[in-house]
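First the structure, then my questions, so here it is.
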Amino acid sequence: MAEHKYNQFKGQPRLPKFAVPKRYDLRLKPDLVACKFTGAVDISVDVVSDTKFIVLNAAELSVDPKSVLFKSSTKVFQALEVGLIEEDEIVVVEFGESLPLGIGVLNMAFEGTLNDRMKGFYRSTYEHNGEKRNMAVTQFEPADARRCFPCWDEPACKATFKITLDVPSELVALSNMPAEDEKVMGNLKTVQYQESPIMSTYLVAFVVGLFDYVEDYTSDGIPVRVYCQVGKANQGSFALHVSVKTLPLFKEYFGAPYSLPKLDMIAIPDFAAGAMENYGLVTYRETALLYDDKHSAAANKQRVATVVAHELAHQWFGNLVTMEWWTHLWLNEGFATWVSYLATDSLFPEWKIWTQFLEEATEGLRLDGLAESHPIEVDINHAGEIDEIFDAISYRKGASVIRMLQSYLGPESFQRALASYIKRYACSNAKTEDLWSVLQEESGEPVNKLMNSWTKQQGYPVVSVKIKDQKLECDQTQFLLSGSHGDGQWIVPLTLCCGSYEARKSFLMQEKSEALDVKDLLCSSSSKGNPWIKVNVDQTGFYRVKYDDELSARLRYAIESKCLSTNDKYGILDDSYALSMACHQSLLSLLALMASFREELDYTVLSNLISISYKVSRVAADAVPDLKDHIKLFFINLFQFSAERLGWDPKQGESHLDAMLRGELLNVLAAFGHDETINEAIRRFHIFLDDRNTAVLPPDLRRAVYVAVMQRVDKSDRSGFEALLRVYRETDLSQEKTRVLSSLASCRDPEIILEILNFLLCSEVRSQDCVHGLAVSLEGRETAWKWLQDKWDHIHKTYGSGFLLTRFISATVSPFSSYEKAKEVEEFFASRTKPYIARTLKQSIERVHINANWVQSIQKEKNLSEAVMELAYRKY
């Protein structure tokens, strides 16, 4: 084929718009034994400009050139040539003459492979009556519908879909719409589904396999089913309860009904992401959908609720109104993340989920503090670049700036505007600006100008504050964890309160520096003299605050005397940690602040305190090895109070949050080598080994106990490791398998760590789960890095492109803290770089540099060791 004539279509980010699809009539026949499929599609297209070519997406498919025809109302055109251009994932169909304008039908027959890479039309494995079987599943977002059938695989090319599947007659076959006809011919059946409403290709879905289900109806009579592997149906009832309650809630919030006749949700054993919002047929990892009363932890229950709410929010925000192009992915993801908290809070107010939302904000702030971050809105020039933006910027920063805006505009005005937005863009596509202009019309506030500063530029500010002559002086600079200052500038919705939550103020900070008159607040404050001042009240803003020494001391006192809200305590702690990492504050000031949280009771604050303590103990071990044990002792003493308050055994009627907290506290005590905790954990573990249903080891404690067991494992005593592998092999609950995998690598013996890492790559571990086992102990860092280099070709081949691959890099590289190591990593990947790992690699190396700067800064701190000793051995 003459290559040059297709040059005009190569290397383009988008398909040419000669013709637009209106309707797909798609028939597929998967072969679950040979792992292949055949198919035929008739696409009704509107030819809108003079052309002899039709260009659409296809990848890893072989198209039969003889089958390619274009039928207009008057004539049938046979394709002259059909060229597949693999690197651009397009198929170019050339005809001998120009096609008539208007509607015609493009026919194609094709075949492909049911791959094992968890994208496109793929196979997943499961066991039924002791034998291994395949199921066929789809995962098309972002750009893999083209691996299943030739199509215009772009979110703006919406069309309706009429789907027919030919499958073995004993299997369940599901698609977006309900089946309208089923014909059985011997051991094959043909299922035809109702035609779908207009939708994007990335939301098309089908699943073929053996499943059970549980069913219920919403208050509007919409049937909802949760499907899962045979024998696990009862584990679907919690998700079913959540979805039946959530659909009517969103109907009211968005002012629009759920637009399909049914909703199916299904747990897939091999699934790359957490879940996927396919219209009417939502697919999930088992851990994100199934909940087992006996063997799931409180944290699993919460994850199921928030993930289900997230996917159901997409049925409106994403499926009904769709982003115009992947640049606007954050609109889908950030919004669904934010609104999933709204729904979960309404169903489970006792979970205090808006406080836990701060963990989302923190993840966003952490990634966005890197110079190698990216703006919320990213230009996408090639399909290969899309995977990497499914990250904490699109989801978590996206959700956080939406929360900041909602808090600024007020919930009523915000909700009214959303309902108008949904109404205006239903069944079509929208850009970020479209949402802003509707919000601006409704609220009369300068939403566009305000929000562009948060979505078009990367990063966020740190606002430094001090009091001078009854004025609050505020300066903003871009915050970077490397300690350098970027040159971004934002319009910041500042809020503050002074001495009490009654005395508060809010204003938009538009300049680099502003002074705010707070005389009235200082006078009205009940605590005369020197009241505390807290900026970014309740942490609704996506920025950090740096207080001068005087204001910091007052806030520390306010924490100890229990004057501050949970969200504000969390914010002060998290900002202080980030400022310390960026070398803007000493490690000592961070430790002194942490000490003031000794009597903290709140789950979210303690949970963040715990994750900060892990990081601080690691960086301190690199900076001042002599202090390593004293710092561990300081943390053990810090967490003792809360651990003793909760004890080992769940109390009758205790809160969901305490159940989650107990496990995290015992986990941190075990990880820091607290002997009493480790001994008690091992005692309970042995009882559990003899009786898996014992009450002494409820699911909430298991991960902590498994970590404790691994603390005593080394090559001379492997019994705990062998016992955990037995637990792993004997359970069929994926949450339990994940708990075991995520605790193994906390072992301190590098030889065992190597064995564990190799175990992750064996056939007993599904490739989606491997990433759970990568968080190795400090002692295992070097081993893990050597292992990654040895196995890189194998890992790269197994995972192909996609975000699971990037986890290997970030988990293994980021924990280092020396410039030499960063260089070594750069050199190794220099000859192995690919567009889909480039961003993760740069971010991971930047994190190593940040750790190295922090190590150097800690080494220069005066009096650190005396102060640490004082903290570690302080008697309360």
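Cβ from N, Cα, C; glycine included.
Bear in mind that TrEMBL entries carry predicted annotations, made automatically and left uncurated.
Pulled from TrEMBL, these are the listed features:
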type	residues	note
DOMAIN	20-203	domain 'Aminopeptidase N-like N-terminal'
DOMAIN	238-454	domain 'Peptidase M1 membrane alanine aminopeptidase'
BINDING	His310, His314, Glu333	Zn(2+) binding site
ACT_SITE	Glu311	active site, proton acceptor
SITE	Tyr395	site 'Transition state stabilizer'
DOMAIN	532-849	domain 'ERAP1-like C-terminal'
Inside 8 A of the center formed by the CB atoms of His310, His314, Glu333, which other residues of the chain have their CB, for the recorded Zn(2+) site?
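What remains near the Cβ centre is Glu277, Glu311, Ala313, Phe317, Gly318, Asn332, Phe335, Ala336, Thr337, Ser340, Tyr395.
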Rounded to an integer, what is the Cα-Cα distance in Å between Glu333 (Zn(2+) binding site) and Tyr395 (site 'Transition state stabilizer')?
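Rounded to a whole number, the Cα-Cα distance is 5 Å.
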10 Å Cβ neighbour count around His310 (Zn(2+) binding site)?
26
How big is the gap, in Å, between the Cα of Glu311 (active site, proton acceptor) and that of Tyr395 (site 'Transition state stabilizer'), rounded to a whole number?
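Each residue's Cα considered, Glu311 (active site, proton acceptor) and Tyr395 (site 'Transition state stabilizer') end up 13 Å apart.
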Between His310 (Zn(2+) binding site) and Tyr395 (site 'Transition state stabilizer'), how many Å separate their Cα atoms?
11
May I ask for the distance between His314 (Zn(2+) binding site) and Tyr395 (site 'Transition state stabilizer'), taken between their Cα atoms and rounded to an integer number of Å?
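Distance (Cα to Cα, whole Å): 13 Å.
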For the recorded positions Glu311, Glu333, which one has its C-beta crowded by the most other C-beta atoms within 10 angstroms?
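Most Cβ neighbours within 10 Å: Glu311.
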When a 10 Å sphere is centred on the Cβ of His314 (Zn(2+) binding site), how many other Cβ atoms does it contain?
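So the Cβ neighbour count for His314 (Zn(2+) binding site) comes to 24.
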For the domain 'ERAP1-like C-terminal' (532-849), provide the mean pLDDT of the predicted model.
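Averaging the confidence scores along the domain 'ERAP1-like C-terminal' (532-849) gives 96.
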With every protein chain in view, what's the tally of Cβ atoms within 10 Å of the Cβ of Tyr395 (site 'Transition state stabilizer'), excluding that atom itself?
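By my count, 24.
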